[in-house]
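Take a look at the structure set out below.
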Amino acid sequence: MTTTVAVVGATGRMGQLISQIVEASTEFELVASLDSKDELSDMLGADIAVDVTLPAVSQGVVEYAVAHGMNVLVGTSGWTGERITELERRITGKLAVGVVIIPNFSVGSVLATSFAQMAARFYDSIEIVEAHGASKIDSPSGTAVRTAELMSQARGARGPVQAPHTDQRARGQQVASIPVHSLRMQGVVAKQDVVFGGNGEVLTISHDTLAPSAYEAGILLALRATRTARGVVVGLDRLIDLDGSRERAAQAAAGDAPSGPVDDGGPSGQAATVTSA
């Protein structure tokens, strides 16, 4: 049985891409394409709504869909922690609906953010540089904001990043104590560098989106999750098996033991680590 989809913001770059993916899929059917001239009521009757509008419009779209019992996939930037918390208060445990908020549909970008989250515990000097096309209105990007927030959470007892000279405008906008620098220019799809400075070293975790096709796998994954979502789910990382725990659980349930390392008669991993250059 196919799931019917209404795309709000269908004439934008992401709206067009999602519409194409839905139309090419056998799992989903595009039944409504809305732009700024259409009434939100035109989305009613679809199984799920996809919001890819503008930050100033997105909240109203989501509230309307939720009020009419529709699950929503949000691909619009600008959903701050406060706005998400308010949405959670409104619907969690009260309405049988789900809202899936995805700051970035790229699996590679999600992995880069996960790596940055791991590294944040080991460095006290951290900054983010993100770049998007000149037409992107909001800054910092939703991906940069989420990356900064996740790194701040991961730091735990290390506390906030103590970035120097943040009173100067050229030092970027602080998000969860981490300076974020935004570039908006022609020729760029999406790029983010998370830069860590340590004693005598610099670590850069970089992700560069070269074409919109990078979002396709994440969009399909998010659409599938939106069908059955309840409450508020934020981030593609919540939908993919980052640590392999779901795969291991599935193997255990099926009675399939995961294969262990092959003993080739050589030195153990510990010995090899000690003796290798």
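A Cβ is built for glycine as well, from the same backbone N, Cα and C atoms used for every other residue.
According to Swiss-Prot, the features are:
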- GLY9, ALA10, THR11, GLY12, ARG13, MET14, GLY75, THR76, SER77: NAD(+) binding site (BINDING)
- LYS37: NADP(+) binding site (BINDING)
- HIS132: active site, proton donor/acceptor (ACT_SITE)
- LYS136: active site, proton donor (ACT_SITE)
- GLY142, THR143: (S)-2,3,4,5-tetrahydrodipicolinate binding site (BINDING)
- 154-173: region 'Disordered' (REGION)
- 247-277: region 'Disordered' (REGION)
- 250-265: compositional bias 'Low complexity' (COMPBIAS)
Least Cβ-crowded entry, counting other Cβ within 10 Å, from the binding-site residues listed as THR11, SER77, THR143: THR11
DSSP-derived structure type at ARG13 (NAD(+) binding site), helix or strand or else coil: helix
From binding-site residues ARG13, SER77, GLY142, THR143, the one whose Cα lies nearest LYS37 (NADP(+) binding site): ARG13
From recorded positions GLY9, GLY75, SER77, HIS132, the one whose Cα lies nearest THR143 ((S)-2,3,4,5-tetrahydrodipicolinate binding site): SER77
Fewest other C-beta atoms within 10 angstroms, as judged across ARG13, LYS37, HIS132, LYS136, which are the recorded positions: LYS37
Proximal residue to THR11 (NAD(+) binding site) among recorded positions HIS132, LYS136, GLY142 (C-alpha distance): LYS136
Tertiary neighbours of GLY142 ((S)-2,3,4,5-tetrahydrodipicolinate binding site) (same chain, Cβ under 8 Å, six or more apart): SER77, GLY78, TRP79, PRO103, ASN104
Secondary structure of THR143 ((S)-2,3,4,5-tetrahydrodipicolinate binding site) (DSSP, helix/strand/coil): helix
NAD(+) binding residues GLY9, ALA10, THR11, GLY12, ARG13, MET14, GLY75, THR76, SER77: largest Cα-Cα distance, in Å and rounded to whole number: 16
Spatially closest candidate among GLY9, ARG13, GLY75, the listed binding-site residues, to the residue listed as 'active site, proton donor' (Cα to Cα): ARG13
GLY9 (NAD(+) binding site) to HIS132 (active site, proton donor/acceptor) - Cα separation in whole Å: 19
